[in-house]
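Asker: Encoded as structure tokens, here's the structure I'll be asking about.
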Amino acid sequence: MNKRVLVKFSGEALAGAEGYGIDTKILDYIAEEIKSLVENGIEVAIVIGGGNIIRGVTAAADGVIKRTSADYMGMLGTVINGVAMQEALEYKGLSARLQTAIKMEQIAEPFIVRKAMRHFEKGRVVIFGAGTGNPYFTTDTGATLRATEIGASMLIKATKVNGVYDKDPMKYPDAQKLETLSYDRALEDQIKVMDDTAIALAKDNKLPIAVTNMNEKGNLLRIVKGDYSKCSIVK
């Protein structure tokens, strides 16, 4: 069994049918899935994107907002999601802490890896917000970095599909699921598991990545217990 994992959710996942903002029903569902991991003795870290609030690349597209500023706006979006997730976890009776890569002490702790490790020892879920704290880096890269820093045995990317495909399954009915694939193939074939920086960082640190459908109840627990039938593994 994987003892410590980091789960990465997209910001869009929180938006639900509206496509923006936060759907509390989805938030509650995710918190319940995380609770099942904690109840099975798993130490859990979470990273959430900010696409339901604002996407840096999109905000900077027409040049009115500089890319660096747009990326910082995106980081703030991830903190909004982190605060919401912390509340949802506590609503379920779990203890949670939000740590951010940009200091904002009134609402979150600054990211300190040793402090995060102490939280795990005390059974707390740790949410990492504000990405890496630097523009031009995605939240996927931030998740990979944090997973490496805390010594996670696996990074789980919770998405809308049950794994990695050779082409977009939403567009191509004949898309083939890849049960396992190497970091090198993901990079060379441009298979969009995560961005190239995140994949390269995972490769350098031998961090396996599981890609699964977050909407199938129990998938996260199956994966941490070693059942990879409902996911794809990049290693």
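FYI, residue positions are counted from 1 along the chain as it appears here.
Yeah, the Cβs are placed from backbone N, Cα and C, and that goes for glycine too.
Swiss-Prot lists these features:
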type	residues	note
BINDING	Lys8, Phe9, Ser10, Gly11, Gly51, Arg55, Thr159, Tyr165, Asp168	ATP binding site
BINDING	Gly50, Asp71, Thr132, Gly133, Asn134, Pro135, Tyr136, Phe137, Thr138, Thr139	UMP binding site
REGION	16-21	region 'Involved in allosteric activation by GTP'
Asker: Hey, what's the widest CA-to-CA gap across Lys8, Phe9, Ser10, Gly11, Gly51, Arg55, Thr159, Tyr165, Asp168, the ATP contacts in the record, in Å?
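Answerer: Spelled out: the longest distance between any two Cα atoms in Lys8, Phe9, Ser10, Gly11, Gly51, Arg55, Thr159, Tyr165, Asp168 is 25 Å.
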Asker: Compile a sequence-ordered list of residues in the same chain as Thr159 (ATP binding site), six or more apart from it, whose Cβ lies below 8 A from its Cβ; state 'none' when nothing qualifies.
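Answerer: Those within reach of Thr159 (ATP binding site), by Cβ under 8 Å and sequence separation of 6 or more, are Ser10, Ala13, Val211, Thr212, Asn213, Met214.
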Asker: Using the Cβ center of Gly50, Asp71, Thr132, Gly133, Asn134, Pro135, Tyr136, Phe137, Thr138, Thr139 as the UMP site position, which other residues in that chain lie within 8 Å, going by their Cβ?
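Answerer: For the UMP site, the extra neighbours are Gly56, Gly74, Met75, Gly131, Thr141, Gly142.
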Asker: Counting Cβ atoms within 10 Å across all protein chains shown, which of the binding-site residues Asn134, Thr138 comes out on top?
Answerer: Thr138
Asker: Here are the binding-site residues: Gly50, Gly51. Which has the lowest count of other Cβ atoms within 10 Å?
Answerer: Gly51
Asker: Whole-number Å only: compute the distance from the Cα of Asn134 (UMP binding site) to the Cα of Lys8 (ATP binding site).
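Answerer: About 18 Å separates the two Cα atoms.
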Asker: Based on the record's binding annotation for UMP (Gly50, Asp71, Thr132, Gly133, Asn134, Pro135, Tyr136, Phe137, Thr138, Thr139), what whole-number value in Å is the widest Cα to Cα distance?
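Answerer: Across Gly50, Asp71, Thr132, Gly133, Asn134, Pro135, Tyr136, Phe137, Thr138, Thr139, the two farthest Cα atoms sit 14 Å apart.
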Asker: When you measure from the Cβ of Tyr136 (UMP binding site), how many other Cβ atoms are you left with inside 10 Å?
Answerer: 13
Asker: Where does Asn134 (UMP binding site) sit in DSSP terms: helix, strand, or coil?
Answerer: coil
